[in-house]
Amino acid sequence: MRTILPVAVVVAAIVAFWYLAAIPMNIHFAVTSAQRAGAEVTPESGAERRNMGAIALAARNPAQWTDSWTQAKPRLPVPHQVVAELWRTTALQHPASKQSLVYHGWVTLSATVVGFAIGTGLGILLAIGIVHSRAMDMSVMPWAIASQTIPILAIAPMIIVVLNSIGVQGLIPKAIISAYLSFFPVVVGMVKGLRSPDAMQFDLLKTYNASRSETFWKLRLPASAPYLFASLKVGIAASLVGAIVGELPTGASRGLGARLLTGSYYGQTVQIWSALFATAILAAALVAIVAGIERATLKRMGLAT
Amino acid sequence: MTQVPVIESKNLDLTFETADGPVAALKDVSLQIGAGEFVSFIGPSGCGKTTFLRCVAALEEPTGGSLTVNGMSPEEARKARAYGYVFQAAGLYPWRTIAKNIRLPLEIMGFSRAEQEERVNRVLELVDLAGFGGKYPWQLSGGMQQRASIARALSFDADILLMDEPFGALDEIVRDHLNEELLKLWARTGKTIGFVTHSIPEAVYLSTKIVVMSPRPGRITDVIESTLPQERPLDIRDTPEFLEIAHRVRDGLRAGHAYD
Ligand SMILES: Nc1ncnc2c1ncn2[C@@H]1O[C@H](COP(=O)(O)OP(=O)(O)OP(=O)(O)O)[C@@H](O)[C@H]1O
Ligand SMILES: [Mg+2]
């Protein structure tokens with residue numbers, strides 16, 4: 001409870017700063033529209049205003065401040081506009097409508113989840129291989145690292161186009177990009193986790209004459225659980241980024257990425273920002289779900305209280 | 001000793017190849033341990049006590065000489081589950097309860113569920129931990145954890161028990177108590193025990209045979225057969241007989257140090 005106050009203060013400060021920042025960002029348009037509507041503004045010449053700094057112009061036209069918070073296509077929308085847009089596109093729309101962020105969110109979410117499942121499965125399998133085979137350790141790890149140095153924005157269109165040319169569209173290409181981003185943290189975390197028991201614990205199993213698979217199931221795998229969950233939290237967020245990036249290059253009409261794209265085509269800044277917020281909320285929810293599963297699992301294993 | 005020795009080492013050598021050159025951890029170690037003996041290994045740090053025990057357990061490969069356990073190679077003996085090994089740290093799995101930790105070797109060795117249950121309860125009783133089976137390791141004190149790890153090594157009834165400074169991290173009082181318990185357990189089960197320690201009183205109190213070692217290269221400098229009776233209350237440590245043996249152990253340790 002004692003943390004609520006500081007958190008509220010920080011949030012309030014951010015919101016206040018945001019409103020303040022929106023004034024100079026949107027002031028030129030606000031002043032011009034006000035003048036057109038017959039209001040007194042300084043300076044009167046449009047050319048002079050264009051050459052003026054935004055902060056100076058805002059300082060000289062305090063009457064137009066509130067106008068800068070209500071424009072239809074502001075450079076920087078303010079929080080209540082974003083919240084209103086979020087409300088309008090979620091609660092007030094049928095969830096299956098193309099106007100609904102719920103619909104677009106679902107499209108992105110399904111690709112994210114499928115991609116995350118593929119990436120996690122692949123990551124775990126690769127990690128098991130790397131830990132058990134020196135050859136795989138030497139051969140796979142460098143490629144996994146190299147794969148992540150290629151900018152995803154460069155490789156995503158290629159994946160989409162190549163798959164499209166063989167007739168694969170929709171969810172699968174996006175899920176593959178998701179998997180491409182999410183397998184890596186899982187490989188790294190899982191390799192570390194599977195190697196985390198100390199030499200004494202391996203020696204102990206050796207004195208029982210335990211096989212490799214018994215060592216894996218009884219020691220390596222349970223020991224890796226905390227590492228796996230840390231990776232999964234990074235991985236699920238990366239999956240979401242992957243799914244959204246996968247929606248950009250094709251000019252897709254569905255998904256949060258598509259909302260971002262169409263918003264920027266038509267200068268619909270409020271739509272862009274509400275799509276961004278929807279993405280952030282979705283990411284937070286996904287990470288929270290993974291964290292919840294983590295807590296429950298580790299508790300069941302006796303590793304957390 | 002008329003019977004065949006349980007552990008027999010002849011001119012055993014082990015040299016580790018390290019980046020700074022070879023390290024002679026064991027040099028020309030010859031030793032016989034008979035069935036039911038309690039043998040302590042004592043010596044300064046780095047004299048090869050752990051290494052010798054690990055060779056017996058087939059966790060380390062000697063580079064020379066011969067070593068047999070129950071007449072077999074250490075490797076074969078391990079496969080025949082000839083010994084239980086207690087490491088210096090308890091090394092319990094944090095994600096298993098005490099009972100499940102003790103069950104670990106039983107699962108691997110393929111005991112039936114009913115028998116696992118029965119054995120876990122029996123060894124828990126043996127180390128005085130009955131009723132703690134459902135607890136996780138972090139809920140137990142260090143001494144209790146160490147007892148649990150001993151129970152784990154006892155659970156599958158190997159004839160040989162190898163213990164590497166099992167009580168090294170415990171305070172004197174707990175240590176005394178566990179020493180008493182260990183002696184009782186040994187008397188009850190008749191196991192052959194190899195026990196590494198840094199403590200002279202502990203070695204003298206527990207052992208039927210004390211092996212004094214010295215480092216660089218690791219070798220045996222003295223083997224002392226104890227003349228103490230089987231029955232050993234804690235205050236036997238004040239008897240002249242006890243002190244005399246302790247004295248001889250100290251002399252042996254000093255001799256090993258003489259050159260540096
Ligand atoms: N894996 C290894 N690689 C290289 N050298 C080793 C290795 N294990 C042990 N040694 C060396 O072998 C020697 C004997 O080590 P060992 O652990 O047997 O000593 P110890 O008598 O058990 O000592 P302590 O009382 O400190 O436990 C030491 O010099 C040590 O540095
Ligand atoms: Mg040692």
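For all residues, glycine too, the Cβ spot is worked out from N, Cα and C.
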From A:12-31, A:172-191, the residue range that TrEMBL assigns the feature transmembrane segment: A:172-191
Among A:106-131, A:172-191, A:227-252, A:272-293, stretch most in contact with the transmembrane segment (A:143-166) (C-beta, under 8 angstroms): A:172-191
Tertiary contacts of the transmembrane segment (A:106-131) (same chain, 6+ residues out, Cβ under 8 Å): 95, 137, 140-141, 144, 171-172, 174-187, 190-191, 193-195, 216, 220, 228, 231-232, 235-236, 239-240, 242-244, 246-247, 254-257, 279, 282, 286
Close approaches to the transmembrane segment (A:272-293) from elsewhere in its chain (Cβ under 8 angstroms; 6 or more beyond its ends): 77, 81-82, 85-86, 89, 101, 104-105, 108-109, 112, 229, 232-233, 236-237, 240, 244, 256, 259-260, 263-264
Within-chain partners of the transmembrane segment (A:227-252) [C-beta distance under 8 Å, separation at least 6 from its ends]: 108-109, 111-113, 115-116, 119-120, 123-124, 152-153, 156-157, 159-161, 164, 173-186, 188-190, 192-193, 196, 258, 260-261, 279, 282-283, 286-287, 290-291, 293-294, 297-298
